[in-house]
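Asks: One structure coming up, written as structure tokens, with questions to follow.
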Amino acid sequence: MEPPDAPAWACGALLLAVLLAAHPDAQAEVHLSVPPLVEVMRGEPVTLDCTPTGTQDHYVLEWFLTDRSGARPRLASAEMQGQGSELQVTVHDSRGRSPPYQLDPWGRLVLPEAQVGDERDYMCVVRAGAAGTAEATARLSVFAKPEATEVSPNRGTLSVMEDSAQEIATCHSRNGNPAPKITWYRNGQPLAVPVEMNPEGYMTSRTVREASGLWSLMSTLYLRLRKADRDASFHCAAHYSLPEGHHGRLDSRTFQLTLHYPTEHVQFWVGSPSTPAGWVREGDTVQLLCRGDGSPSPEYTLFRLQDKQEEVLNVNLEGNLTLEGVTRGQSGTYGCRVEDYDASEDVQLSKTLELRVAYLDPLELSEGKELSLPLNSSATVNCSVQGLPTPALRWTKDSVPLSNGPMLSLSSITFDSNGTYVCEASLPTVPVLSRTRNFTLLVQGSPELKAADTEPKAGGSWREGDEVTLICSARGHPEPKLTWSQLGGSPAERVPGRQGWVSSSLTLKVTSALSRDGISCEASNPHGNTRHVFHFGTVSPQTSQAGVAVMAVAVSVGLLLLVVAVFYCMRRKGGPGCRCRREKGAPPPGEPELSHSGSERPEQTGLLMGGASGGARGGSGGFRDEC
């Protein structure tokens, strides 16, 4: 198509040719730089570059669209008027595109938002007069990511007994560009299935171009199924292309198929509760469970065999039989039959089992709850029980094992034999099933007495006034009574931790009378009595009292001697045994010498004088009289 200003352009080209003829050395050939392939994502802007080289100051650049029919409509043009001037750009025909084509100041064709319809060849033509004309083509590829992949599985029941491939699912990938590809997967692994019909499996595909120009793909998978596919997971994935050789993948959700396959194996067992040996307890609720491996679940018939005849108990699709409060009479043979008419003839569809109900009746003793026996006697107690399987019996006393078996032999009975005896029955193969029965043994006899020995506090002997606590303990049946030979004893009380023993105590002070007579404790019951006497040996007087007595005697003797001495001196005064001596010179004047009258007794005078001089010994008078 010729541009509208063709005459003007022709004149310019003629002028350029004249100039080039005048200057031959100025002639040059024009070249274009255009990318052959431009890739863009749908909705993004794209620019098609066309850069001329070897042109003069004047040239014309045009963009043409190569139509599918071969026509080349002109989209836009740009003209360079002279060196240093700007290109004059013009958009001629946008072909109804929205937004329209644009031409930037450098003559590049701009598509603001790439659309699938823009996927064409765009030709750039440059006319430079004498330099010639050059043209180049850029191909635009527009990519679109498809929508999420959807899968529609077959919701029916598919039989594994079919000899041909069956429809599995249909996969959809919509609105992509270029058209995506679909791959099928089983358990995460791709399925290599052909597109031609095949008894083992194939797939069909259908591609549709939408009104928007985008592509949609639908793929349907067909497979011949096996029993192993009952747990398999399937899905499909759409693979699509991106610019610069990249690729993307969109996976669908996974799904499983509902398959029909016949029963090959049957299991029948006691559900709960049961022991490892297969026993159940009487009174428990028991479940019998039957399972076949066919699909869908077949019908189950549960029955009991009595005299080789089937007594149907239940028919259901679950294969469960519940026995509430099972009794020993329900022991026997039970059976389950799977009603699967598609199963092979060599498959055993019926199973049986033995239900064994364990029971343990209450125990019985040959004696009552209490057994009274005289001291030193013997006895035998029998424990009997009914149970299945055979119970094991044992006897214990205070949790200490005595013997195994139903018989308990008691010989040479003592008071230590008193207590509670327990017969325990258990089922070794049914640990949770056991029973007990007990009786109390009471030993009759004269009391047994024990007294705590009395020891001195210190020094190896008792002293007068020491305090002591005496303790008596006794046992017997009936319970003995404790009495003391002296008042003050405590009431008898049971001794903690010592079965059958009672105890009483008496606190008193030690005296000489106790050393001589002692204290007695007596235990008595209807069968007799027993007595114990506490002795204290030699009792010494208290140390503090003996010292006071000695001191009192010493003081008394001393005073008596003093009085005798004074009396003696008074009687002997002036006699040969008592004289007065002046130590220093004569008495001072005015003091006459003492004279002795004839009526005075010399002994009295000497004694008195001696007493006077003795009291003045060492005084200020300077005299000392001696007796």
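Backbone N, Cα and C define each Cβ position, glycine as well.
Bear in mind that TrEMBL entries carry predicted annotations, made automatically and left uncurated.
Keep in mind the model is a prediction, meaning the values are calculated, not measured.
The signal peptide annotation in TrEMBL covers 1-28. If you look up TrEMBL, you'll see 24-141, 146-256, 273-354, 362-440, 447-540 marked as domain 'Ig-like'. Taken from TrEMBL, the feature region 'Disordered' covers 78-98, 577-627. Residues or ranges marked as transmembrane segment in TrEMBL: 546-569. TrEMBL lists 608-627 with the feature compositional bias 'Gly residues'.
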Asks: If contact means at least 3 Cβ pairs within less than 8 Å, sequence distance 6 or more, would you call the domain 'Ig-like' (362-440) and the domain 'Ig-like' (24-141) in contact?
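Replies: Counting Cβ pairs under 8 Å, fewer than 3, so no.
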Asks: Residue counts in helix (H, G, I), strand (E, B) and coil for the domain 'Ig-like' (362-440), per DSSP?
Replies: 3 helix, 50 strand, 26 coil
Asks: As a quick check of your reading of DSSP, tell me how many residues in the region 'Disordered' (78-98) are helical, how many are strand and how many are coil.
Replies: 0 helix, 7 strand, 14 coil
Asks: Looking only at the domain 'Ig-like' (447-540), how are its residues distributed among DSSP helix, strand and coil?
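Replies: Taking the domain 'Ig-like' (447-540) as a whole: 6 helix, 49 strand, 39 coil.
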